[in-house]
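J.: Following this message is one structure expressed as structure tokens.
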Amino acid sequence: MVKNWGGPPLNLEKKAFRETQIKKMQHAAQATTQAAPALLAQLMALPQWQQAKTVGLTVSSPIEVPTEPIMRAALAAGKTVLLPKCMPHRQMAFLPDPGADQRIKSSFGIPEPAYDAELVNNQPDLLIVPGIAYAKDTHARIGFGGGYYDRFLAQYQGSTVTLAAPVMVYETAQWPVEPFDILLDTVLTTD
């Protein structure tokens, strides 16, 4: 376990940050939803979005920037929406979105597609990465703690972007950033 120069272990620091940040996000859920249209407009203006034929993203929880409008915009633009399916060993496989009525809930309660090996596409043109906090200076992120996206991003070769509501944005990382943490290409904010 990595130590932080005599301080508490990094994973404990991250755990404490996550607990505090999730509470902040719960209290700011309405403001996050209100920020979504401006963030979506910025996303749609990006060359990466305009050129993408496939877009990977996760169905959002109530405290995150809503992803349903992103899915609708992608479909309206003729893009294929890919959703992650949680796999054993904290891995993910991206599959075409079968539609809200055909998604199944994962063990985390996140709607996802059923697994079909023939439909897996783990290199979407654009990947919209979820998280709970983002650093403006380095584009570091911290997620919910499962490590699924960290593992996936280590193998992913396309463009990464996130839509960060004000409660999620920090000038610099207020959590430990570790060597295996993959920095994002683009962090969209409302400021």
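From the backbone N, Cα and C atoms, a Cβ is placed for every residue, glycine too.
TrEMBL labels come from automatic prediction, so no person has curated them.
Feature annotation from TrEMBL assigns ATP binding site to K14, K15, A16, F17, R18, R141, I142, G143, F144, G145, G146, G147, Y148, Y149. The feature substrate binding site is assigned by TrEMBL to V59, E64.
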J.: Please give the ATP site's span as the largest CA-CA distance among K14, K15, A16, F17, R18, R141, I142, G143, F144, G145, G146, G147, Y148, Y149, to the nearest whole angstrom.
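T.: Max span of the ATP binding residues, Cα based, is 20 Å.
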J.: If you count the other Cβ atoms within 10 Å of each Cβ, which of the binding-site residues V59, G146 comes out on top?
T.: V59
J.: To the nearest whole angstrom, what is the C-alpha distance linking G146 (ATP binding site) and V59 (substrate binding site)?
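T.: Here the two Cα atoms are 16 Å apart.
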J.: Please work out which residue of A16, I142 has the most C-beta neighbours within 10 angstroms of its C-beta, and give that one of the binding-site residues.
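T.: Selected residue: I142.
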J.: Rounded to the nearest Å, what's the C-alpha distance separating K14 (ATP binding site) and E64 (substrate binding site)? Just drop the number here, would you?
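T.: Taking the Cα atoms only, K14 (ATP binding site) lies 19 Å from E64 (substrate binding site).
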J.: Closest of the binding-site residues to V59 (substrate binding site), Cα to Cα, picking from A16, R18, I142?
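T.: Checked the binding-site residues A16, R18, I142; minimum Cα distance to V59 (substrate binding site) goes to I142.
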J.: What does the structure give for the C-alpha distance between Y148 (ATP binding site) and E64 (substrate binding site)? Integer Å is fine.
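T.: So the Cα of E64 (substrate binding site) lies 17 Å away from that of Y148 (ATP binding site).
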J.: Going by DSSP, is F144 (ATP binding site) sitting in a helix, a strand, or coil?
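T.: It is coil.
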J.: How many whole Å apart are the CA atoms of F144 (ATP binding site) and E64 (substrate binding site)?
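T.: So the alpha carbons of F144 (ATP binding site) and E64 (substrate binding site) sit roughly 11 Å from each other.
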J.: Taking the Cβ of R18 (ATP binding site) as centre, how many other Cβ atoms lie within 10 Å?
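T.: Step by step: centre on the Cβ of R18 (ATP binding site), count other Cβ atoms within 10 Å, giving 17.
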J.: According to DSSP, does V59 (substrate binding site) sit in a helix, a strand, or coil?
T.: coil
